Amino acid sequence: MNIKKNLMKIDIQNVCKKNIFFPKKKYFFLWLKNIFKNKKIEITIRIVDMLEMKFLNKKYKKKNSLTNVLSFQSPDSIKIKHRFLNYIGDIILCAPYINKEANILKKKKIELWAHMTIHSTLHLLHYSHKDSKSKKNMQKTEIYIMKKLGYNNPYN
């Protein structure tokens with residue numbers, strides 16, 4: 001399912017069972033719009049089950065475990081400072097894992113989905129949390145975007 005609004009093109013691929021919760025396409029557009037504003041971008045968001053996520057994590061990150069989200073930058077992705085940019089990368093979100101995590105953390109599912117989408121998108125833009133300075137900068141940006149969207153600080 002492709003969503004194209006103004007300058008953003010979002011390809012959402014859902015390979016999960018029908019009875020599993022994941023946000024409607026309008027939410028992904030809203031979240032990404034708050035990051036990219038009027039930039040021309042294309043992004044793929046793939047909603048997967050635990051089996052596929054574990055496979056992808058092992059194959060590409062060399063970790064034999066589950067995770068909530070993976071980000072894969074486009075080979076020619078650059079930090080967005082220019083007015084236009086095309087394909088920036090792929091985000092893989094594990095629906096059962098995120099939903100379970102929301103229950104454990106006593107957070108609203110939609111809010112955790114927003115945070116995971118924002119967090120992984122920032123990775124596509126070269127944000128990281130490898131050291132304390134970059135982690136602080138990334139978290140500050142995540143908190144700012146989440147609050148702008150009317151959500152709570154995801155780190156509280």
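Including glycine, each Cβ sits where the backbone N, Cα and C put it.
Over in Swiss-Prot, the protein carries these features:
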BINDING   His119, His123, His129  Zn(2+) binding site
Handout entry: Chain-mates of His119, His123, His129 with C-beta within 8 Å of site centroid, Zn(2+)
Key = Ser71, Ser120, Leu122, Tyr127, Ser128, Met138, Glu142
Exercise for the section: Around the Cβ of His119 (Zn(2+) binding site), how many other Cβ atoms lie within 10 Å? Please give the count over every shown protein chain. Expected result: 22
